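Taken from Swiss-Prot as is:
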- 10-17, 57-61, 119-122: GTP 1 binding site (BINDING)
- 181-188, 229-233, 294-297: GTP 2 binding site (BINDING)
- 4-167: domain 'EngA-type G 1' (DOMAIN)
- 175-351: domain 'EngA-type G 2' (DOMAIN)
- 352-436: domain 'KH-like' (DOMAIN)
Amino acid sequence: MANPVVAIVGRPNVGKSTIFNRLAGERISIVEDTPGVTRDRIYARTEWLGHPFNLIDTGGIDIGDEPFLTQITEQAEIAIEEADVIIFVVSVKEGVTDADEKVARILYRTDKPVVLAVNKVDNPELRADIYDFYSLGFGEPIPVAGTHGIGTGDLLDKIIKEFPKDATNEEDDSIKFSFIGRPNVGKSSLVNAILGENRVIVSNIEGTTRDAIDTRFETEDGTKYTMIDTAGIRKKGKVYENTEKYSVLRAMRAIDRSDVVCVVLNAEEGIREQDKHVAGYAHEAGRAIVIVVNKWDTLKKDNKTMSDFENLIRQEFQYLSYAPIVFVSAKTKQRLDKLPELIKRVNDNHEQRISSAVLNDVVMDAIAHNPTPTDNGKRLRIYYATQVAIKPPTFVIFVNDPELMHFSYERFLENQIREAFDFEGTPIHIIERRRK
């Protein structure tokens, strides 16, 4: 199951971004940013009381130079389409406005839960004014002050109560993968070419997200795959359909539901900032990753073209040094037959478990060749290591003092583990814990 999505909507100047930053910052944990991922985020991966979810500020979705009421409408429609829970933000300072009522009328169309947050209630005298907002028809308003963090705990408690229950627990042994990338990199062509080349049986199944249709197929060796649909709002002609931020949001949904993410680049156009945004999100989410360079047939090539492009990728995506790169053409089918096999291999690595005995042999051998660092005369001591999770493989190393583990030595240990075991295509996480 993908993490639930919570969208923040409301007219301008009610404090949506302040509430977004508050919920995504001090009161709840947020997965650390990877350099080069994104600058002005409209989404955050967060959690509250052990419930992970994705938070979206629809106000950050740029819909061009349209009248602001039109923008509100379209942002609310995005929330209705994408979210599991909607936070409707209003301001106690202005009371109920015509624009608030317009947003409310749009939200009446959905059967998704709407939590009404009355912002800017920064002193007790204003609390009596929140009852005016009952007229909007969304039940009890929750008073908050985004700037000061007042009421955010109550708001979060209400939100997680509204999360959908897992609809199914049935086992699915297929490998779930998706093609992500900015518009015009050739994702649709790749999907069609892969299905045309490799399918033995194909069925369309209801996706867990809105009107998405996932496609299952099986290759001749019996491996089952589910291709995750990345389609979002299917309203042709909408200005926001191809905006950068909306396509990032669409990719985020697919990444959360995938085991393996194929980051698609356009060989003709090289690497753009948005390529880094979506790849960085997949990395932060701990997914297995394959970098797919599409439209390779369109380039004039010499004997250095491929190595030069690979070097560029390694330079621009330094945090994806573990990800294999494949150069393909959806049009000519060049190397497409290799892709399902590569997806399976990185998925196997993503699920790989290493026995503690073998792992500790590697770690102790690494220490013997490169002794642990010291700080102010105190040496880091590593007692033992064990794998505690898969997808991604996660290792806990028990030490005398976690503060003594320098990031460069942790990187050294990661490299030694990667050399000893095949973890191509998957991030690995290392956690230091003090031995009790």
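Using the three backbone atoms N, Cα and C, a Cβ is placed for every residue, glycine included.
Small disclaimer: the values here were computed from a predicted structure and weren't measured.
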Where G10 (GTP 1 binding site) falls in three-state DSSP terms: coil
Densest Cβ neighbourhood among N13, T58, N184, T230 (binding-site residues), 10 Å radius: T58
Lowest local Cβ density among K16, K187, which the record lists as binding-site residues, within 10 Å: K187
Lowest local Cβ density (other Cβ within 10 Å) among binding-site residues: G10, G181: G181
For the domain 'EngA-type G 2' (175-351), mean pLDDT (0 to 100): 82
Rounded inter-Cα distance in Å - K16 (GTP 1 binding site), G181 (GTP 2 binding site): 28
Euclidean distance between Cα atoms of T58 (GTP 1 binding site) and N184 (GTP 2 binding site), Å: 24
Count of other CB atoms lying within 10 Å of the CB belonging to V121 (GTP 1 binding site): 24
